[in-house]
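*Asks:* Sharing a structure here in structure tokens format.
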Amino acid sequence: MVRMMIRRLSSQASRFVQPRLLETGTLRIALINCPNELLFCCERGFSTFSDRNLSYRDKLSSGLVGIKADDAVDLFRDMIQSRPLPTVIDFNRLFSAIAKTKQYELVLALCKQMESKGIAHSIYTLSIMINCFCRCRKLSYAFSTMGKIMKLGYEPDTVIFNTLLNGLCLECRVSEALELVDRMVEMGHKPTLITLNTLVNGLCLNGKVSDAVVLIDRMVETGFQPNEVTYGPVLNVMCKSGQTALAMELLRKMEERNIKLDAVKYSIIIDGLCKDGSLDNAFNLFNEMEIKGFKADIITYNTLIGGFCNAGRWDDGAKLLRDMIKRKISPNVVTFSVLIDSFVKEGKLREADQLLKEMMQRGIAPNTITYNSLIDGFCKENRLEEAIQMVDLMISKGCDPDIMTFNILINGYCKANRIDDGLELFREMSLRGVIANTVTYNTLVQGFCQSGKLEVAKKLFQEMVSRRVRPDIVSYKILLDGLCDNGELEKALEIFGKIEKSKMELDIGIYMIIIHGMCNASKVDDAWDLFCSLPLKGVKLDARAYNIMISELCRKDSLSKADILFRKMTEEGHAPDELTYNILIRAHLGDDDATTAAELIEEMKSSGFPADVSTVKMVINMLSSGELDKSFLDMLSTTRASLK
């Protein structure tokens with residue numbers, strides 16, 4: 001296959017057109033693609049590398065590490081203008097240095113210019129070009145250049161094959177990469193460790209981690225010795241995809257094969273275990289790592305601290321902070337930010353504030369994430385003045401509030417029924433150059449809907465659309481809910497109809513908002529019809545949806561339909577829960593149907609659900625008025641309901 005590909009593409013090699021350089025290049029780089037006369041008329045005085053007293057040989061020997069694009073162009077121009085012309089070896093040194101700085105397009109442009117000046121490409125030049133084409137995701141040109149190598153009578157070496165393999169893997173063409181290895185062997189080239197590592201990395205990039213493990217094992221069976229680079233991508237993918245048990249097995253296999261381990265490998269698995277919630281296993285591996293002489297670094301500690309904090313074990317996270325300080329490992333802004341956020345979520349604002357002071361005393365500047373965590377904590381406790389003070393501190397320390405900061409504050413104002421203050425802050429945002437996003441508008445629209453100021457909410461929604469801030473499903477849920485709750489069902493239905501015709505993916509929640517609105521407007525039959533049509537629309541019903549519909553039917557005196565839906569719910573495989581039973585029991589008691597209520601109580605008891613407070617209070621009131629006898633209360637008492 002590869003030979004056919006080479007034959008098919010080799011004819012392109014002599015006439016390939018250099019692709020356009022990135023538009024972000026400088027004028028000097030852009031001139032590479034201009035006629036030679038223009039190229040060499042350029043003013044050259046603005047590069048520090050272009051010292052007129054140095055020859056190109058001096059510049060080549062003075063070191064090209066990290067060479068900048070403009071300097072590379074200047075040096076290339078000096079070389080082209082020199083007489084006699086430099087050898088291709090000199091040009092290759094320059095091209096190789098530029099390629100190491102990842103300026104692949106520039107290398108290809110210069111190679112083309114060199115050839116146009118009559119300097120033939122060597123096999124090394126062509127191999128550099130193949131690498132650059134692969135890195136630029138232009139594999140057809142890479143294989144075309146491979147064809148040119150063979151037409152010139154050269155034999156491609158293992159390095160060239162490995163480069164092409166990497167190019168195929170980068171484009172997720174792993175099956176073709178495996179075929180290329182077969183052809184490589186047929187042509188007498190033995191795969192190297194780089195070949196193996198390239199294939200393993202390619203398989204992992206495509207999510208084929210099990211195939212990567214099989215490949216490694218087969219190579220070991222044939223006497224091949226993988227190294228730590230081989231296993232790195234496999235561990236990464238395993239841990240990111242939640243296969244931490246396999247990652248642990250692989251770690252043990254690496255130990256058996258005497259593969260060099262380091263703190264990075266352990267940290268990868270520790271991170272995976274933390275994300276899987278296996279914190280004790282993560283901590284045990286952390287201790288094992290220390291025992292085996294691998295010193296944990298800031299990344300390892302931050303990973304563990306983050307894992308403990310995400311699981312609500314802030315105290316263990318705090319202990320790790322003290323441990324790392326004791327070991328002379330300096331915590332950074334990530335360490336403190338994770339802990340502060342954890343304390344805030346636990347409602348421990350005082351401790352969070354103390355940590356903020358400690359990090360500042362250590363000379364660690366809090367970032368926006370740190371401040372936002374504290375501001376959010378104050379807002380959630382309705383301590384808005386302290387939240388504003390934290391914003392002032394943030395600004396005084398040179399840390400600008402971002403969109404998240406404003407969204408947190410606006411939400412705090414809305415929750416505290418200070419909607420107008422939230423709107424004022426929203427206007428201030430734009431003056432500071434902070435652009436509102438969907439969350440900003442959603443928060444304000446919901447705030448005004450809940451406060452009954454529907455007209456303001458609608459204007460904000462219109463402003464959101466006019467400013468090209470795309471509403472999401474949450475935006476429409478908020479607006480539709482606000483319209484329905486404020487008696488504007490027809491407007492809600494009009495908007496809902498447009499949404500249904502759009503490409504937006506609708507969930508059960510948005511339909512239940514409309515159903516609730518229909519029931520509130522005494523359009524129970526319409527609500528029932530819409531609910532029954534949902535499966536036909538491909539919308540999956542859940543227990544919550546059934547409970548809402550049953551509750552609405554009971555509230556609107558459609559108890560017979562509620563009973564039908566209750567039985568259908570069970571038939572469809574949705575088990576009734578505590579809420580379902582209590583809704584129906586109260587509805588039947590209110591309809592003077594104690595017999596059905598008693599049957600439902602027995603069924604509820606057998607399912608292990610208790611009567612809720614509302615049901616118990618209703619029974620007590622009916623007992624007091626003589627509508628029920630005491631045996632009914634005795635039956636309820638066995639459901640473990642609290643009478644408090």
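Cβ from N, Cα, C; glycine included.
Just lifted these from Swiss-Prot, have a look:
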- 87-121: repeat 'PPR 1' (REPEAT)
- 122-156: repeat 'PPR 2' (REPEAT)
- 192-226: repeat 'PPR 4' (REPEAT)
- 227-261: repeat 'PPR 5' (REPEAT)
- 297-331: repeat 'PPR 7' (REPEAT)
- 332-366: repeat 'PPR 8' (REPEAT)
- 367-401: repeat 'PPR 9' (REPEAT)
- 402-436: repeat 'PPR 10' (REPEAT)
- 437-471: repeat 'PPR 11' (REPEAT)
- 472-506: repeat 'PPR 12' (REPEAT)
- 542-576: repeat 'PPR 14' (REPEAT)
- 577-611: repeat 'PPR 15' (REPEAT)
- 1-53: transit peptide (TRANSIT)
*Asks:* If you run through the repeat 'PPR 8' (332-366) with DSSP, how many residues end up as helix, strand and coil?
*Replies:* 26 helix, 0 strand, 9 coil
*Asks:* What else in the chain is close to the repeat 'PPR 5' (227-261), if you only count residues 6 or more beyond its ends and a Cβ gap under 8 Å?
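*Replies:* For the repeat 'PPR 5' (227-261), the sequence-distant neighbours (Cβ-Cβ under 8 Å, at least 6 residues beyond its ends) are 193, 196-197, 200-201, 204-205, 207, 209, 212-213, 216, 220, 268-269, 271-273, 275-276, 278, 281, 285, 292, 294.
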*Asks:* Apart from its near flanks, which chain residues at least 6 from the ends of the repeat 'PPR 15' (577-611) lie with a Cβ under 8 angstroms of it?
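*Replies:* For the repeat 'PPR 15' (577-611), the far contacts come to 543, 546-547, 550-551, 554, 559, 562-563, 566, 569, 618-619, 622, 627-628, 632, 635-636, 638-641.
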*Asks:* Against which stretches of its own chain does the repeat 'PPR 4' (192-226) lie, if we need a Cβ under 8 Å and a gap of at least six residues from its ends?
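*Replies:* Cβ under 8 Å, 6 or more out: 158, 161-162, 165-166, 168-170, 172, 174, 177-178, 181, 184, 233-234, 236-238, 241, 243, 246, 250, 257, 259.
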